[in-house]
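**Student:** After the structure tokens below, expect a handful of questions from me.
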Amino acid sequence: MGCGHKDDKASLASSQIASFSHQPHQPSSTPASKEVWKKGGRMFSILLAVHLALLACTLVSSGAFEKIAVHDYDVFFLLTVMMLIVIIWIIFYLVSTCRCPDAILCKDSHAGPIWLRGGLILFAIFSLVMDVFKIGYYSSFYSCLSAIKIIYPIVQAIFVVVQTYFLWISAKDCVHVHLNVTRCGLMLTLTTNLAVWMSAVTDESVHKAHSKLKKNMTEEIFRWLLKAGMRSSSAEECNCNSQICQIFKNGYFWLYPFNIEYSLFASAMVYVMWKNVGRFIDHHSHHIHRLKFRLFRRTFFVGIVLGLIILVSGLGVLILYEVQVNSSTESTKNNQALTMYYIFNIVCLGLMSLVCIGGSVIYRFDKRDMDRHKNPTRTLDVALLMGAALGQYAISYYSIVAIVASTPRDAISALNLTYALLMIAQHTFQNIFIIEGLHRQPPKEDHKHDSHQKDLYGLTFVNINAVSLRVPDSGSILAPSTASGTEAIHPSDLVRSLTNPKNMNWRRKFLREISMFLLLSNIILWIMPAFGARPQFDNDTELNFYGDSMWPAIVDICLPFGIFYRMHAVASLLEVYIMS
């Protein structure tokens with residue numbers, strides 16, 4: 001297997017690669033202006049991804065509406081073929097980059113941080129468990145189902161294992177061989193993950209709407225949903241009567257949120273790899289910060305304690321909410337569950353908004369420089385935060401319009417209105433705090449200045465004014481040390497060195513406390529809607545205002561983005577915590 005073409009224009013690329021490879025230890029000799037960004041290859045890979053995404057979206061959405069001759073096994077067949085092609089391409093990529101010495105000339109230190117790859121592995125493990133449950137569920141009545149329904153989870157499990165290994169070892173790669181093939185392969189991988197995500201979101205939404213409406217709605221609406229949800233109606237033909245079958249069925253539906261997050265995490269990492277194809281990095285301007293994750297150092301534990309209180313309280317509210325809403329049809333108990341849910345979220349969102357405002361104020365006093373270097377990972381993080389927040393913004397604004405325009409208004413409506421307004425405010429303030437944190441330079445390592453600071457602090461018993469009287473303003477006494485290669489110390493610099501570490505310490509500690517509190521709070525706000533606490537379906541205000549068809553469609557489209565926002569905010573806040 002050869003190394004392939006280095007670029008779309010062979011003459012330009014060969015000179016670029018040759019000049020770079022002849023001086024492997026001098027990355028600064030390749031300036032940023034020589035980075036190879038080929039518009040043609042990118043455009044072709046984007047067009048390929050758009051067409052495949054539209055095809056997958058068409059099949060997935062067609063399988064969820066009535067009187068369309070598209071079945072779930074048609075969707076599974078397309079996804080199985082796409083995953084098999086991606087598996088073959090990943091194997092080709094790994095083999096070709098191993099055999100070609102000039103395949104990867106540099107790596108992007110910002111891409112694929114350890115906490116992002118660790119989260120990917122965590123979600124991959126739960127996705128594999130979900131595939132095992134799916135295989136067990138469909139195997140319970142394989143005689144009346146298409147074979148593709150059993151083949152699909154098997155292929156998906158292989159796909160998850162291969163892709164996770166690929167992203168773990170290759171997330172930082174800046175590839176310089178088979179550029180167009182690599183771009184198309186990465187875009188195919190990204191599209192496949194998005195198609196799996198769309199299928200999982202649709203399947204989960206149909207299942208949840210099916211169970212809710214079967215219990216609460218009229219028989220006419222229930223029959224309409226059975227016609228609209230083709231996958232649910234086809235599954236009705238096969239009876240799942242055994243207890244082990246029910247365990248498998250309920251188990252894999254409960255694990256869907258992890259598979260959804262896995263697909264989105266993998267898509268984000270693949271996109272960064274696609275941006276880095278053909279990229280040269282000037283290591284003099286591309287700083288590599290080796291930051292250590294110190295959870296129990298330089299902290300007051302206030303953020304961790306408050307965050308754990310919010311997390312544990314939220315788990316209790318989630319359990320009570322699920323028990324009262326799902327086990328009872330009485331409106332009184334449903335209203336009690338909604339009141340409890342809204343009060344908890346109002347308190348949590350209010351605290352998070354205040355904390356984010358405080359963190360933004362602290363950044364105003366932060367003396368660290370802004371990081372303005374090119375960073376595709378950070379650019380993607382900001383874009384995902386802003387884009388994913390639009391889902392929750394949409395739900396909140398629809399709720400505000402419905403509550404304000406509806407009559408009569410009760411206590412539940414007032415709580416719902418406050419909840420919607422605080423949700424908008426909290427997303428906005430949190431995005432500002434995270435984006436500011438991501439664009440700050442990490443603090444300098446303390447050990448570089450330890451000896452200098454020890455010398456300065458050894459003079460704390462000396463009168464600073466007396467020292468200043470003994471040192472002329474011209475600094476002539478310190479000139480010999482300057483000439484010998486060390487930096488002269490001015491009395492004003494001495495005073496700043498004595499006072500600045502304390503000022504920096506309290507700012508960094510408060511930023512770490514804020515980041516940890518927000519991180520734990522976002523975890524519970526992700527868990528609650530991901531595992532069934534969705535008051536949008538249990539509150540009659542929006543359903544009565546928008547109708548039984550429009551409002552569930554709005555929630556089904558927008559809520560997955562809100563859930564993804566929380567998980568992505570957790571990863572971004574962890575990075576802000578480490579960089580503080």
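Keep in mind that glycine also has a Cβ here, set from the backbone N, Cα and C atoms.
Grabbed the feature section from TrEMBL, which reads as follows:
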TRANSMEM  43-63  transmembrane segment
TRANSMEM  75-95  transmembrane segment
TRANSMEM  115-138  transmembrane segment
TRANSMEM  150-169  transmembrane segment
TRANSMEM  253-274  transmembrane segment
TRANSMEM  295-321  transmembrane segment
TRANSMEM  341-363  transmembrane segment
TRANSMEM  383-405  transmembrane segment
TRANSMEM  514-533  transmembrane segment
TRANSMEM  553-578  transmembrane segment
**Student:** Test the contact criterion for the transmembrane segment (75-95) and the transmembrane segment (115-138): 3 or more CB pairs under 8 Å, pairs 6 or more apart in sequence, then answer yes or no.
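**Tutor:** Since fewer than 3 Cβ pairs under 8 Å link them, the transmembrane segment (75-95) and the transmembrane segment (115-138) do not come into contact.
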**Student:** Below 8 angstroms Cβ to Cβ, which residues of this chain, lying six or more residues outside the transmembrane segment (383-405), approach it?
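**Tutor:** Residues packing against the transmembrane segment (383-405) from afar: 268, 413, 416-417, 420-421, 423-424, 427-428, 431, 434-435, 536, 541-542, 545-546, 551, 554-555, 557-562, 564-565, 568-569, 572.
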**Student:** Give residue numbers and ranges for long-range contacts of the transmembrane segment (553-578): same chain, 6 or more residues beyond its ends, CB-CB under 8 A.
**Tutor:** 113, 115-116, 119, 197, 201-202, 205, 209, 257, 260-261, 264-265, 268, 291-293, 381, 384-385, 387-392, 394-395, 398, 427, 430, 433-434, 437-438, 511-512, 515-516, 518-519, 522-523, 525-526, 529-530, 534, 536-537, 546
**Student:** At a Cβ cut-off of 8 Å, and with pairs 6 or more apart in sequence only, do we get at least 3 pairs between the transmembrane segment (253-274) and the transmembrane segment (150-169), yes or no?
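**Tutor:** Since 3 or more Cβ pairs under 8 Å link them, the transmembrane segment (253-274) and the transmembrane segment (150-169) do come into contact.
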**Student:** List, by number or range, the same-chain residues at least 6 past the transmembrane segment (115-138) whose CB is under 8 A from its CB atoms?
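**Tutor:** Same-chain contacts beyond the flanks: 145, 149-150, 152-154, 156-157, 160-161, 164, 167-168, 171, 240, 244-245, 248-249, 251-252, 255-256, 258-259, 261-262, 265-266, 268-269, 293, 567, 571, 574-575, 578.
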